[in-house]
């Protein structure tokens, strides 16, 4: 397969993943699927924009670059360094690296958020709910292995499931993006050294 064709496949895959990450990050601004009365009621890691900036914006640019690589002439560039085809493949390595950094940022933010748990309204000793001050009731991810602790969060909505699901999607999607960008680094190196299609070189 030509390097340009493979890069185009990666670009087609990365675009919807980036959109998913942006949507997940936006949904996290609505804890438990409700509108937060105060910005302080939203989990701090949401404002780090891991899904919007890291796996979103920083991933869209590499995806568009990968999609455009196939538009260049393949065989006409073999043995002709001045045509810029090899430089285009080399530049794709830099964009892939930038995308991987953005995805890694999203992964780190997601891991921290999952470990901290959601900021939520807690049940008080007298049985009432403190809906005026959202806090972090969990410590060092203890709620991940003990679901009974989830009852400490009384809202908004099903905040623990909401938080865990969306940040898990960001985490998994970020890891997939890193893997795809790593593939493009290898693909870009092959395209830089051999040209877009190695089989074209030397053909009439």
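In case you wondered, yes, glycine gets a Cβ from its N, Cα and C as well.
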Annotated transmembrane segment segment (source TrEMBL; candidates 46-67, 112-133, 134-155): 46-67
Which residues of the chain, 6 or more past the ends of the transmembrane segment (46-67), have a CB below 8 A from one of its CBs? 7-8, 10-12, 14-15, 17-19, 21-26, 28-29, 91-92, 95-96, 98-99, 101-110, 113, 170, 173-174, 177, 181, 184
